[in-house]
Structures are given as C-alpha cells and as structure tokens.
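For ASP92, LYS94, ASP97, the entry in TrEMBL reads active site, for OMPdecase activity. The substrate binding site annotation in TrEMBL covers ASP39, LYS61, SER152, GLN212, GLY232, ARG233. What TrEMBL lists as domain 'Orotidine 5'-phosphate decarboxylase' is 33-248.
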Amino acid sequence: MSSISKKYGERVENFSNKAARELLSLIERKKTNLSLALDVTTKREFLEIADKVGPYICLLKTHIDILVDFDQDLIDQLKELRAKHDFLIFEDRKFADIGNTVKYQYSKGIYKIVEWADITNAHPLPGDGIVSGLKEVGLSLGRGLLLLAEMSSKGSLATGAYTEAAIEMARRHKDFVIGFIAGRKLICNDDEDFIVMSPGVGLDASKDGLGQQYKTPRSVIFENGSDIIIVGRGIYGKDKDVATEAQRYRDAGWNAYLERLTN
Ligand code: 6AU
C-alpha cells in the first residue's frame, strides 16, 4: 500500500530514524498534523503562544535567530513545553553551506541547535556534503533532516530538475533525511517513504505582499498528498485568538487527512 493511503502510525516501520518514528507516532496519538511556525521576536510572546497552541500541534517550528532576547532559559522552557504538551521541535535553520561549516553551525555557536531541535532542514544546493556534515553531529543524537525540495514563495528556483535532485539526495541518506519541505507528495510508490511538510498554508489569505503564497490545508493534504501543514501568521496574526485558530487549522488538516484515507 502506498504511504498516501496509509495511516501515520502504520508508517513508523518505514523509518529507522528516531525523530521520524517519534513524529509519526505522535501524530497518530495526538491526532494532529499541524506544525506551528512560531515567528515572533520576543521570548515572552514565544513562550506564551507555544503554551497556548501546544495542545493542538505535533511540531513546533522555530526560527531561533529572530528572537531579540534569546537565552539558555528560553531553551530550557521550550523543552519543558515540549514535554508538557507532547510535541517535537523543528528549527527551520535552512542550512546552505559546505559540510564542514554546517556541522559547526548546527552544533556550536550560541544556539547549539543539535542539542534541542529534533528536526532541522537544509537546502540541497551545495551537494551531498551538506547532508554528510549535518549527519555527523545529528544522527547519533537521533535527529532528522528535511531537504527543501520546493519553496512556497513566488518565483522559487527550486523546481523541476532541482527538485528531482533533492529527491535523489534524500534517497542516498535515508537514515538521516526523513523528508522534504515541498507543496506536495513527491514520491508515490510502495517501498519508499518520506515525510512531506508544506508551508504556505492559510485559510484566510492568499499571499502576504512579500512573495509568500498560501494554499488551504485541504489543498495540500487531500489534493496534494502532503503530510504536515506548517502554519504561522494564520494562527497568531493580528487580533486572532491563537488557541481558537490553532484548533481550526488542526481540524482542517486532520479532516483533510481523513478524507484522503477514505478516498
Ligand atoms: O504561515 P507563514 O507564512 O506565517 O509562515 C511560513 C513559515 C515561515 C517560513 O520561514 C517557512 O514557513 N517556510 C519554509 C520552511 C518551513 O522551510 C519554506 C518555504 O518554502 N516557505 C516558508 O514559508 O517560518
């Protein structure tokens, strides 16, 4: 049976990677395929929203370098919220350098991403060395990597042969590369499985004025066969009640998945 018609929980056995296995089990148990893109710039807002939205998500996606008052206490509190609400953490670092450099960017510096992020992502642009470098520090800790095979922004160059090359790269590193950032299921056959996460998801807007383009949860999960919706401003935009919006996106994402299973 192709992964597109399988339940999340049934796909756990398709992965050796610890983060992938944990994520699929968690989605099945918590019944949510929603990832929150928490792009706020203060620690107070970050922790407040994470606590309110935590019950409705499988994955909290961070851009840790946009916080103006980042400190180790933020990481400690984030880890506490991870345990309290049962979600994984995805640092959206979009690594894009040679293997030796990304290895240090991943494990050293102020953020020490590998110590707290279950999942991170990278552009395939530099070639296989980027995956090998990240894998050197991440795999033994059970971390997983997503490759940016497509982007949601207008005019993206990640299309066609570039996207195909990203898929080939993932195939060569199946122990560490658990999936893709893309707008659709990229591989549909029985003996290969990768987790697809789609950003650019919104129920109320179609674009943001800076190149972002939005599709609905139903469109990416039911029509395009993606696995996880990544939603940011749709949840915490101006005058929004974050818990209500998170429930709305969780329900839309989960119903689209149920519709896919039964069709
Ligand atoms: O829902 P938004 O538009 O507020 O936020 C979308 C989030 C942002 C982007 O950095 C990220 O998703 N993103 C990514 C990721 C996840 O890698 C890739 C992409 O192509 N488009 C995109 O928006 O945090």
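Backbone N, Cα and C define each Cβ position, glycine as well.
TrEMBL: automatically predicted annotations, no manual curation.
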Between LYS94 (active site, for OMPdecase activity) and ASP39 (substrate binding site), how far is it from one CA atom to the other, in Å?
15
Specify all same-chain residues, apart from the site residues ASP39, LYS61, SER152, GLN212, GLY232, ARG233, whose Cβ lies within 8 angstroms of the center of the Cβ atoms of the substrate site, ordered by sequence.
ALA37, PRO199, GLY200, ILE230, VAL231
In three-state terms from DSSP, label LYS61 (substrate binding site) for me.
strand
Other C-beta atoms within 10 angstroms of the C-beta of ASP39 (substrate binding site) total 14
Taking all protein chains shown into account, the Cβ-based neighbour count within 10 Å for SER152 (substrate binding site) is 20
Which recorded positions from the set ASP39, ASP97, SER152, GLY232 have a C-beta atom lying less than 6 Å away from ligand 1?
ASP39, SER152, GLY232
Cα-to-Cα gap, GLY232 (substrate binding site) vs ASP92 (active site, for OMPdecase activity), nearest whole Å
12
Find the longest CA to CA distance in the recorded substrate-binding set ASP39, LYS61, SER152, GLN212, GLY232, ARG233; express it in Å as a whole number.
17
By a three-class reduction of DSSP, ARG233 (substrate binding site) is assigned helix
Quick one: give me the count of other CB atoms within 10 A of the CB of GLY232 (substrate binding site).
21
Length of the line joining the Cα atoms of LYS61 (substrate binding site) and ASP97 (active site, for OMPdecase activity), in Å:
21
